[in-house]
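**Q** Have a look at the structure that comes next, please.
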Amino acid sequence: MCWAGSENKGPCLEFSQLSVKDSFRDLFNPQMEIFLMLYTRNSPSCAEPLFEQDNSLSANFNTSKKTVWLIHGYRPMGSSPSWLQNFVRILLNRDMNIIIVDWNRGATTFLYSRAVKNTRKVALSLSRHIQNLLKHGASLDSFHFIGVSLGAHISGFVGKIFQGQIGRITGLDPAGPQFSGKPSNGRLDYTDANFVDVIHTDTNGIEFIKCDHQRAVYLFMAALETSCNFISFPCHSYKDYKSGSCVDCDIFKEKSCPKLGYQTELWKDILKERIENRSLRTTVFLDTVQTNPFCSYYFVLSVIVLDKTMKDGYITFKLLNQLGMVEEPRLYEKNKLFYKLQEVKILAQFLNDVVNISSISLAYFRSSNQQCSTCKHTIRHLMLKSLTYPERPPLCIYNFVLEESREIFLSPNICILNEI
């Protein structure tokens with residue numbers, strides 16, 4: 001742990017600055033140190049010890065506010081996590097106590113297995129500090145542990161010590177090696193807190209699964225800092241999600257689809273009900289764009305046809321705004337079976353949000369080689385709804401003819417309430 005000068009008061013705590021040399025030294029002389037760095041709005045850029053040397057609690061710690069415990073993972077190079085200070089800054093926008101758990105001397109080692117063993121030691125040490133906080137009037141339910149990599153499992157071990165009474169645990173890319181396949185007492189588990197959410201950024205998987213490795217921390221930060229709604233879809237498997245089979249979020253009632261990040265807690269009661277009544281964990285999926293802030297925008301196009309001749313084909317569509325700009329989506333599993341008077345839903349992802357929609361471009365193509373340039377198909381009802389912003393009114397078009405392999409442009413209107 002380092003100390004840095006402050007103009008207004010005593011020295012500030014800084015995250016332990018180690019290096020590859022320390023990983024090498026650990027091979028012969030393993031060491032373990034844990035420091036708790038407190039940030040609050042009273043001290044947003046200057047960390048201070050959570051407890052003073054006489055074991056008294058920092059005057060800036062407010063027991064009536066929520067407390068986030070931020071725990072890093074394996075650090076073989078010894079450096080400070082690049083995301084740390086930005087994460088603190090974003091969290092402080094919500095006015096809370098933030099405790100950085102610096103266990104760098106214990107995570108900085110070439111021996112990953114040694115760092116894994118140290119996670120139990122860190123959890124035991126944290127439990128003693130938590131007991132001290134409880135004596136000062138803090139509550140377990142006000143604690144939110146955010147653990148990255150090995151830090152996710154440390155959070156789980158702390159939760160086990162307190163028999164699942166911690167308020168919330170968020171696991172960001174929980175470490176897999178030496179944890180995957182372990183029983184629930186050997187890893188982060190959904191029983192470790194009142195509410196446990198996990199974000200995986202690979203496909204080895206409430207769990208949110210986003211398919212782009214090592215991005216969970218930045219996704220969570222973006223969800224906190226931006227206005228993006230990172231909407232996600234409950235699904236049995238990634239394959240089903242990619243096929244567009246998981247469009248409905250009816251199980252979440254008026255709350256609609258869960259949102260990734262800090263807002264996920266709004267779905268806590270429904271998710272807990274699913275576990276208690278049917279022992280169902282909820283796994284949800286989403287896709288993002290590749291660059292920060294990673295936003296993408298989901299719409300669902302619902303189609304009801306009147307004839308029986310559209311069984312083997314697919315619909316494509318584009319959206320035009322009032323400025324005439326065209327947005328073309330990525331469609332999930334275009335091929336659909338269209339049956340008379342049965343609703344078919346097509347999930348679409350846009351890179352940009354589309355507001356003030358003036359026109360919908362629509363086309364129907366057969367999947368087989370037997371094209372029919374003269375064929376016409378009657379559509380009874382088409383509805384376009386934003387899933388990212390479900391509060392927006394859906395748009396509808398009624399009773400029109402769609403010629404095969406020919407693009408048409410239609411002007412939608414806000415749906416009639418009893419027709420939705």
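Quick reminder: no glycine exception, Cβ is built from N, Cα and C everywhere.
No curator has checked TrEMBL annotations; they are predicted automatically.
Pulled the feature table from TrEMBL, pasting it below:
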type     : residues               : note
ACT_SITE : Ser149                 : active site, nucleophile
ACT_SITE : Asp173                 : active site, charge relay system
ACT_SITE : His213                 : active site, charge relay system
BINDING  : Arg187, Asp189, Asp192 : Ca(2+) binding site
DOMAIN   : 31-205                 : domain 'Lipase'
**Q** Same-chain residues six or more away whose CB lies under 8 A from the CB of Ser149 (active site, nucleophile)?
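**A** In sequence order, the residues whose Cβ lies under 8 Å from that of Ser149 (active site, nucleophile) (at least 6 apart) are His72, Gly73, Tyr74, Leu172, Asp173, Pro174, Ala175.
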**Q** Ten-angstrom check, please: count other Cβ atoms within 10 Å of the Cβ of Asp189 (Ca(2+) binding site), all chains counted.
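**A** Its Cβ has 18 other Cβ atoms within 10 Å.
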**Q** Taking every protein chain in this structure into account, which of the recorded positions Asp173, Arg187, Asp192 has the most other Cβ atoms within 10 Å of its Cβ?
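**A** Comparing the recorded positions Asp173, Arg187, Asp192, the most crowded Cβ belongs to Asp192.
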**Q** Neighbours of the Ca(2+) site Arg187, Asp189, Asp192: Cβ within 8 Å of the Cβ centroid, same chain, sequence order.
**A** His153, Gly156, Gly159, Lys160, Ser184, Asn185, Gly186, Leu188, Tyr190, Thr191, Val196
